[in-house]
Amino acid sequence: ADVVKRCPHHQSEDMSENKSHLIRVEGSQLAQYFEDPYTKRQSVTVPYERPQLGSEMTTILLSFMCNSSC
């Protein structure tokens, strides 16, 4: 029921606009990060990109910015 965000320690070290987001998309400049103004829940969207020629799928790389040990 609680909103999950990055720990204060790692947020303070990050200079990006989305430093509180726990999940980040790697390798896409088109990713958009959102935070609901009422619930404070965060989300990220990535536009669909066609697979490269000869491939049947597209890979989206996600990074978890904090570990459970934080």
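Count begins at 1; order follows the chain as displayed.
Even glycines carry a Cβ here, placed using N, Cα and C.
Among the features that TrEMBL reports, Zn(2+) binding site is placed at Cys7, His10, Cys66, Cys70.
The annotation domain 'p53 DNA-binding' is assigned in TrEMBL to 2-70.
As a whole-number mean, the pLDDT of the domain 'p53 DNA-binding' (2-70) in this prediction is 90. Every protein chain considered, the tally of other Cβ atoms within 10 Å of the Cβ of His10 (Zn(2+) binding site) stands at 16.
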